[in-house]
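Comments concern the structure below.
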Amino acid sequence: MERATVRLLRGGALLRRNFPSCLSSWKTPPHALNSSQSEAQLKATSNGPPLAPLQTFTDEEMMIKSAVKKFAQEQVAPFVSKMDEDSKMEKSVIQGLFQQGLMGIEIDTKYGGTGASFFSSVLVIEELAKVDASVALVCDIQNTLINRMIGKYGTEEQKATYLPKLATEKASSICISETGAGSDSFAMKTRADKKGDYYIINGSKMWISSAEIAGLFVVMANADFSAGYKGITCFLVDGDTEGLHVGKPENKLGIRASSTCPVTFENVKVPKTNILGQVGHGYKYAIGSLNEGRIGIAAQMLGVAQGCFDYTIPYIKERKQFGRRVFDFQGLQHQVAHMATQLEAARLLTYNAARLLEAGRPMIKEASMAKYHASELAGLITSKCIEWMGGVGYTKSYPVEKYFRDAKIGTIYEGTSNIQLNTIAKCISAEY
């Protein structure tokens, strides 16, 4: 029975809710069925054993979560303020990520990786972001984007060449955005011209996260402009390749320890064996990877919101005004309760999207919902925390202002909040 249930869960198709116009709405309301469940799945789960709550973790997940929390508090927290001020990540922090196995979470153990689950990556990103969003981002890019792309689309030779290094020593970055190709990423102008057994890449990319520390760049370039966006191809480019230049890091509002740089390509010669997947399929890989990566950003923003909340509540339970603890004023209690409820909703959305991905089930809508809600909430809750703490919350002597600055990027990268709403609306339209 359990095996059959697993097969149904993994193979279930998205239920299209096309109700006949003659059907009375009171008999079968549209909301009666979850958009991510098929009828077979519903039957299988209704008669089977009770399903575990979303916040039930395996022993491995609990162990990873606990270890990362300890690492973040002991090896990241002491450097957070300095890294933010200097706009530079401490080498010891990056080395620690590799030593702890946090840069190759899903990479198979035969390549030197941890061999854990995608959900484990989500837990790691969340725990790191509670302490520092920049460190969480480095881990997020490596695990939810680069490692997964090479694992899914790479040849055995590419996996053997890059995955061991990505798991143990080499940070990475993905190059998609350009000056005129942000949300409209398929409008990219970077080109890749075939010359014998090589491709020559020319162009420039903008807003490239982790560019300053990356030893490997996954680059999207158009190999056939006559085919439009279907000419976009994905290349694996080593950081020391001649003609690849990383520019000066941007002076950003938040996530300052994470380098965000322009990257230019001047006659960069890449062997055709470094094409990831198939020529002209880069746009598919980009869409698929970003859909998955959005769950990572949701986890990051969830961590930012939770970290700020965890710091603020003890403060307002101690500080007194008018002879009472600030926390004891009903007006503030209502605000705290509202934020705590929204925080729990963001966590459930994020965990659900991650579990759906692991089960091989449709999760595009759920990933966008998680990213949208967690990102918007992070901005709101960090703003509220500053207000709750009063004047000290507005100073750099306390970390809540940094959480506030770090939160803003969540509504921008890997698809703005408006792009997420577009995606969610398209999915809803397809369901009815």
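A Cβ is built for glycine as well, from the same backbone N, Cα and C atoms used for every other residue.
What Swiss-Prot lists as active site, proton acceptor is E414. According to Swiss-Prot, the feature FAD binding site maps to 174-183, 207-209, R319, Q330, 387-391, 416-418. Among the features that Swiss-Prot reports, substrate binding site is placed at S183, Y229, Y283, N291, E292, G293, R294, with the record citing similarity to another entry. Sequence annotations record features per position, and here Swiss-Prot assigns N6-acetyllysine to K70, K284, K426. According to Swiss-Prot, the N6-succinyllysine annotation covers K70, K284, on the basis of similarity to another entry. Annotation comment: Swiss-Prot describes S183 as phosphoserine, evidence class similarity to another entry. Look at Swiss-Prot and you will find 1-33 tagged as transit peptide, backed by similarity to another entry.
For S183 (FAD binding site), the recorded positions whose C-alpha atoms fall inside a 10 Å radius of its own C-alpha are E414, out of K70, Y229, N291, R294, E414.
Classification of K426 (N6-acetyllysine) by DSSP places it within a helix. Note on the binding-site residues S177, S183, N291: the fewest other CB atoms within 10 A surround the CB of S183. Each of the binding-site residues Y229, Y283 was scored by other CB atoms within 10 A of its CB, and the lowest score goes to Y229.
Cβ neighbour count within 10 Å across all protein chains ranks S209 highest among the binding-site residues S209, S417.
Residue annotation for substrate gives S183, Y229, Y283, N291, E292, G293, R294. The furthest Cα pair among them is separated by 22 Å. If you take the Cα of K284 (N6-acetyllysine) and the Cα of the residue listed as 'active site, proton acceptor', they are about 15 angstrom apart, rounded to a whole number. Nearest in space to G390 (FAD binding site), taking C-alpha to C-alpha distance over the recorded positions K70, Y229, N291, E414, K426, is K70.
Distances between the Cα of S209 (FAD binding site) and those of the recorded positions K70, Y229, G293 are shortest for G293. Ranked by CA distance from G293 (substrate binding site), the recorded positions K70, G180, E387, E414 have E414 at the top as the closest.
The number of other CB atoms found within 10 A of the CB of R294 (substrate binding site), across every protein chain shown, is 30.
Annotated pair Y229 (substrate binding site) and the residue listed as 'active site, proton acceptor', C-alpha to C-alpha distance, rounded: 18 Å.
You'll find the Cα of K426 (N6-acetyllysine) roughly 19 Å from the Cα of Y283 (substrate binding site). Counting other C-beta atoms within 10 Å of each candidate's C-beta, the modified residues K70, K284, K426 are led by K284.
The binding-site residues under consideration are E292, E387. Their Cβ neighbour counts within 10 Å are lowest for E387.
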